[in-house]
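Undergrad: Questions regarding the structure given below will be posed in turn.
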Amino acid sequence: MSRSGFKELAIAACLAILAGFVPLVFNNYWLSISVTAMMYIALCTSWVMFSGPTHYISLASGAFFGIGGYLVATGMSDYQMSFWLMAGISALVATILAGLIGAATLRLSGVYFVIFTLGLAEMIRNLVSWVQNNFLGSRGLYVLTDFTEAHIYWMLLVLAAAAYFLGWYINRSRLGFALRIIGNDETVARHVGINTATAKIVLFMTTGFFGALVGAVIAPRYSYIEPNQVFSPELSFMVVIMALLGGAGRLWGPIVGVIPFTLVWEYVSLQFPNQTTMFIGLIFLLIVFVLPNGIVGRLEQVAVKIRQGGH
Amino acid sequence: MDILVSGLLLAGTYALMALGLNLQYGVARIMNLANGEMLVLGALAAFWLYINAQVSPLLTVVMVGPIAFIGNWLIYRFLLVPLVKRSKNQGQLEVDSILATFGMSFFIVGIMVSIEGGFFAYKYLSETISILGSTSSLNRLAAFLLAVVIGGSLYLWLNRTRTGVAVRAVSVSTEAAGLVGIDVPKMSALAFALGGAVTSMGGSLISTFYTLDASVGVIFTMKALIIVIMGGVGDVRGTIVAAIILGIVETAVATLVDPGLTLASAYFIFLLILLFRPQGLFGRRTA
Amino acid sequence: MKRRTNLKLAAAAALALALPQVALAEDTLKLGIVAHKTGPLAGGEKVTQTPNVQLWIHEVNERGGLNVGGTQMKVELVEYDDKTNPGEHIKAANRLINQDNVHFIVAPYGTGFNIAAAPIYGKSGYPMVAVSAITDKVDELAERFPNLFFTLGTTTAFVEAVRDILVEQRDAGNIGNKVAMVNVADAFGIELADVARQAFTDAGFELVYDKSYPLGTPDLSPVMKGAKASAADAFIAWSYPPDSFGLAEQAIIEDLDVSIYYSAVATSFPAFFGAYGSKIDNVLGAGGTNVDDPKIAAYRQAHEEVTGATPDFWASANTYAALEVLGQAIEGAGTLDRNTVTQYIKDNSFDTIMGTLDFENNFSEKFWTVGQWQDGVFRGVKGVNVDGAVDVRLKDGWK
């Protein structure tokens, strides 16, 4: 277990280094696909860290992402702050917020938790718009930096790698063990003396931290920030979908989920420019039926078969 | 008085959005993320028939009901039953139904865009009326009345008829219902189809006072999810009470405080209720 | 050399006649567009952008294509859907540039999308003649994105035109100085309201009602009831498409008694009149056009014949004019070299359906700001450097 854990980490590290060369090798087109993919890998990896072991599906990604994007935009556009400072502040704000949400939702389970996070994200979106309207009175939020797509890609890669490493580390720690027990049976977890509350809250805070940083990094890519757009509920859904497609049971699930899916999405956009949305819907349906446990499930099935075949 | 009247009328609209989803999620255990698209589909039918054939939206409502029922029954039977069968537990089914219905919502949006990519702009029954000294419009009143009729008959049906009680039994526990000889798959299909029909009929009527377009479904899905969860899954009363609370709170905040805070306050109330009643207003404690 | 070109042309023409569907690759000008076919901005794009692109390509190809340095090139459209998502938009823009190698592009619909796409297109020198992009930062943006041109005006211009109407009507003794103002709490709505708050107050108006409402508000009746209770003389709404409709609906229901009623985006849509008919007579809105101008009249007729849709009474004409600018610049520069074409746009003036357009610091200062529904036609009442503005009429009931 322990050795295979390190093997996994080594593979991930190699992949991350290889991924670092993407902007140098590919043209802008493939780079822009990679940026989108890397954004989802970072978001999904941090999502899986919490939701994978606990089985709590969170729809708050949009809120954290929005905090990152919005704070960077307001800070830079209206208060001439530096990008780095605002990114740091947004990460802090989102982490604290995630802590509060985590503490508030301890009693909630199942679908009630899912929709609570959705409602909360929507409330934040509306509150931010209201504050913007009544107190900040903006003349448009512009994030004009000299970052290129390659810079944004590398920043996202660092975030994704950091999330992965942290997830890997937590999995091996006492905290990870606690989380897995919570996921299997929360009552049992409590009985064996695991502080389920702290474990859940801490993990949720890391989700918030990474979500905000990804949002902050993406803001210069969008250049013009509309509160209603960065706090998009659709992003929350997409993160869940991508993570589930890969398989939420493994930390590397998002990687094997996001990459093929981004490519399929690209293929559909190319082939059916007038009916992209419809065909992507069809692909979703197809995946659900063909890959019952996500791509991870299928890969592990194949792995088992190979091993059995070898003997 | 304005707040009460406007609030209740809005509550009627909300009930139309959410009652169907409650049946689908409460009984058939399908978290239907295409709920909003079903609603917009009903709206598109009303708009299209009115513009192209001058069919009264009220007539469309009547026609949409059975068509949506059959359509949703087919969706459940052929698309969702395989997922229900293969899932070992509720969690698995939830994941699968989220993925499947999310795909379905994209698919329906795609179809609707190819029929009408712009706004469904038309007006019907927008005459001013006065209710207890408060002004409103006839189409909103019609939506309210339809909500009352649907809500009332659902309640009576679920409590007074054999089939209704069977459906309720399924919503409490699929296993126990199966043990006492209830045809669970059939009841689930019935509930899912009925839910879809209610949502689409609501959509046809709502389109007479909202200007919709093919892509707005997600807004309705979210609102419906909030209302269903706030009221408690699987209880018609809960959904209606939640719709009334949201309708009144939103109108009160818009009138007394600031219209800018309507939606924020609605979500706030929702969060508050869940904090104190983690199972929703009328929800059952599961574990 | 010249004869060879002519021969080639003749051959191409013969081929084109024989096989109208097949165009030779090298004689085709690929024009790219990333559209919002689904998502929040799809409804607006469908009214203002899509049919005009279709119309312009139809007209150009009808007359044999664009003359690029002696070669007649038919225009072929390469389009993608971004689902109104900036990330998808950037991806699709890169696809147009690097995979499809399109020669030129149509600027996207929406301020945010133009600014997000500007660096992507700018890197490869694509000129963007933006229409549906309104900002007060033209100078800063033009300096940063030399390829980005603005044609529809500035936030301040739109607000000041409304203020001017209010001032004129007050001076004429038609209204008092009480104004009710509402806005949608989203980027453009907030920006307009922010500018207007200052401008109206400076002009001595009293904002007796000044509230925002969130994007996607289901019920606007409390807003309208509040505005009505404020007993204002004028009602100004900085609104978006779905709520411009919703506000008009509520104003009719509440029988809002004001002499000036203004709602911003989408008031100029034919569907607005289609939905409310004579009830919204004398409603003011953003935009406007001069339907009596023969060029505009001919354009509107062609629009209906070719696309089957009625053009809106505002940015539709600008969108078509922006495409004319692009086409004339390509023909004028006589090359597909994008930097040359961009420079040509900066240096020359263009004869379009909107009249002569030229760009100073990437900004074309010729646009309508306020229009009014008068007997079923939305006519321009205020504009900058445009002819044919009619007098403002007072709103008198909602019959």
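Glycine is no exception: its Cβ is also placed from the backbone N, Cα and C atoms.
Caution: TrEMBL annotation is automatic and unverified by curators.
Just lifted these from TrEMBL, have a look:
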| type | residues | note |
| --- | --- | --- |
| TRANSMEM | A:9-26 | transmembrane segment |
| TRANSMEM | A:32-50 | transmembrane segment |
| TRANSMEM | A:57-77 | transmembrane segment |
| TRANSMEM | A:83-104 | transmembrane segment |
| TRANSMEM | A:111-131 | transmembrane segment |
| TRANSMEM | A:151-170 | transmembrane segment |
| TRANSMEM | A:201-219 | transmembrane segment |
| TRANSMEM | A:239-265 | transmembrane segment |
| TRANSMEM | A:277-295 | transmembrane segment |
Undergrad: Pairs of Cβ atoms less than 8 Å apart decide it: which stretch in A:57-77, A:83-104, A:111-131, A:239-265 has the most with the transmembrane segment (A:32-50)?
TA: A:239-265
Undergrad: What same-chain residues lie close to the transmembrane segment (A:239-265): Cβ under 8 Å, and 6 or more beyond its ends?
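TA: For the transmembrane segment (A:239-265), the far contacts come to 8, 12, 15, 33, 36-37, 40-41, 43-45, 47-49, 51-52, 57-59, 61, 164, 167-168, 171, 280, 283-284, 287, 291, 293-297, 299.
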Undergrad: Give the one range among A:57-77, A:111-131, A:151-170, A:201-219, A:277-295 whose Cβ atoms make the most pairs under 8 Å with those of the transmembrane segment (A:9-26).
TA: A:151-170
Undergrad: Do at least three C-beta pairs under 8 angstroms join the transmembrane segment (A:201-219) to the transmembrane segment (A:83-104), pairs 6 or more apart in sequence?
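TA: Per Cβ check, the transmembrane segment (A:201-219) touches the transmembrane segment (A:83-104).
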Undergrad: Examine the transmembrane segment (A:57-77) against the transmembrane segment (A:111-131) and state whether at least 3 Cβ pairs sit under 8 A, considering only residue pairs 6 or more apart.
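TA: Per Cβ check, the transmembrane segment (A:57-77) touches the transmembrane segment (A:111-131).
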Undergrad: Would you kindly list the residues that approach the transmembrane segment (A:83-104) from elsewhere in its chain, counting only those six or more residues past its ends and only Cβ-Cβ distances under 8 Å?
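TA: Answer is 60, 63-64, 67-68, 70-72, 74-76, 117, 120, 143, 145, 197, 200-209, 211-213, 215-217, 220.
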Undergrad: Using a Cβ cut-off of under 8 Å, list the residues of the same chain at least 6 residues beyond the transmembrane segment (A:151-170) that approach it.
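TA: For the transmembrane segment (A:151-170), the far contacts come to 5, 8-9, 12-13, 16, 19-20, 22-23, 31, 34-35, 38-39, 41-42, 45-46, 48-49, 176, 179, 203, 206, 210, 213-214, 217-218, 220-221, 251-252.
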